[in-house]
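Peer 1: Checked TrEMBL, it gives:
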- 6-31: transmembrane segment (TRANSMEM)
- 52-76: transmembrane segment (TRANSMEM)
- 77-266: domain 'NADH:quinone oxidoreductase/Mrp antiporter transmembrane' (DOMAIN)
- 82-105: transmembrane segment (TRANSMEM)
- 112-133: transmembrane segment (TRANSMEM)
- 139-157: transmembrane segment (TRANSMEM)
- 164-181: transmembrane segment (TRANSMEM)
- 187-211: transmembrane segment (TRANSMEM)
- 223-244: transmembrane segment (TRANSMEM)
- 256-276: transmembrane segment (TRANSMEM)
- 296-317: transmembrane segment (TRANSMEM)
Amino acid sequence: MMPYFIFIWFILTSIILSFSTSSFFFLWVCLEINMMSFIPLMYTKTMISTNSIMMYFLVQSFASSIFILIISIQMINPIFCYYFKLFMAISMMMKLGAAPFHIWFPQISEGLPYSAFLILLTLQKMIPLYILSIFKNQLMILTIILNSMIGSLGGFNQFSVRKILAFSSIAHLAWILALQFSESNFWFIYMLLYSLIIFFLISMVSLYNINSLNFNKKISLDSNILLITILLTLGGMPPTLGFIMKWMSLKIIVNIIPIITFPLIVSSLLNLFLYLRLIYAPMLKYLNFYKWEKNFLTKMMTIISPQIGLIFLMISLT
C-alpha cells in the first residue's frame, strides 16, 4: 500500500510543479515523471494489463518525443511559431486520448484496475490540459466537434463499463477544450467537478465489481439510489450538479464559439442515454418499487442536498 501512495504523491507533485513553471523543458520533465509514476499503478499480473501498459507507454513516449522535438526546433528557429503551436497541441491530444488520436484510450481501459482507471480519467489529464490551455489554436474547433461525436457514439455498441466511461471521458473532454477558448479558467472548475463525480461513480462500480451492463450482483436500496443519482449527475440530468455545470459552460461557449454548441448538446443527450442504459440494470432488476423503506425520502434528501449546495456555489462563482 505504501508504494501506491508514493506513486500518487509523485503524480500530484508533477502536476503542481507543471502549473508553477514557465520552462518548456521542465514541463516535459513533469510529463515524464507523471507517466513513469502512473505505469506501476497499472500493473495487475495479467496479460491484458501488460498489453495495456505497453500500449500506454508507446503512445505516451511518442507524444513526449514530439513535444521535446518541437521545443528543440523552436529554440533553434523561432520562426517555427505557428507549427510549434500546432504540433504542441497534437502531442497533448495524443496524451489525452482525444479524437482523432483516441483509439488507444478505450482499449487500455479494459486492462486497468479501477484505481488506475480513475487516475487515467482525472489526474493524468491535468498537465496536458494545462499545456493545451496555453497553446490553443483554431484547428482545435474541429477536434472539439470530433470529440463530442466520437465520445457519444463510440459507447453505443459497448457493454463494458470501463469502455463506456472512457468514451464518456472523450465527450466531456470536448466541453473542457471548448471552455479553454474563454478568458476564464472555468475549464479547470469543470475538470475538478467531473473528477469528483467520476470518483464517486468508480468507487461504486469498484465496490460492487460492476464490469458490464449485464451484471448480476445484488445491490442494496441505498447503493442503488446513490448509483442512479451519480449517473444522472454525470449525464447532466436536471436539476443535478452535472446539468448546472453544463448549463454554465454552455453560457460561456455560446459567446465564444457558437458553431460548436449544437454538437455539444447532441453529444450530451446521447451520453445521457448511455447512462440511462447503465441505470436500467440496478433500477429494474433489483429495486422493488412496492416495498421501498419508509425512510426513502430521507435517504434521497441526504444524497441530493450536497448537490444543491454545490449548485448554489457554482452560481455564486459566476
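The chain as shown is numbered from 1 upward.
Using N, Cα and C of the backbone, Cβ positions are placed for all residues, glycine too.
All TrEMBL annotations are machine predictions without curation.
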Peer 1: Cβ under 8 Å to the transmembrane segment (187-211), counting only same-chain residues 6 or more beyond its ends: which ones?
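Peer 2: Result: 114-115, 117-118, 121-123, 125-126, 129, 133, 160-162, 165, 169, 172, 175-177, 179-180, 217, 219, 223, 226-227, 230-231, 233-234, 241-242, 245, 249, 310, 314, 317.
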Peer 1: Are there residues at least 6 beyond the ends of the transmembrane segment (139-157) whose Cβ is under 8 Å from a Cβ of it, and what are they?
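Peer 2: Contacts with the transmembrane segment (139-157): 86, 89, 93, 98-100, 102, 106, 132, 163-164, 167-175, 177-178, 181, 257, 259-260, 263-264, 266-268, 270-271, 274.
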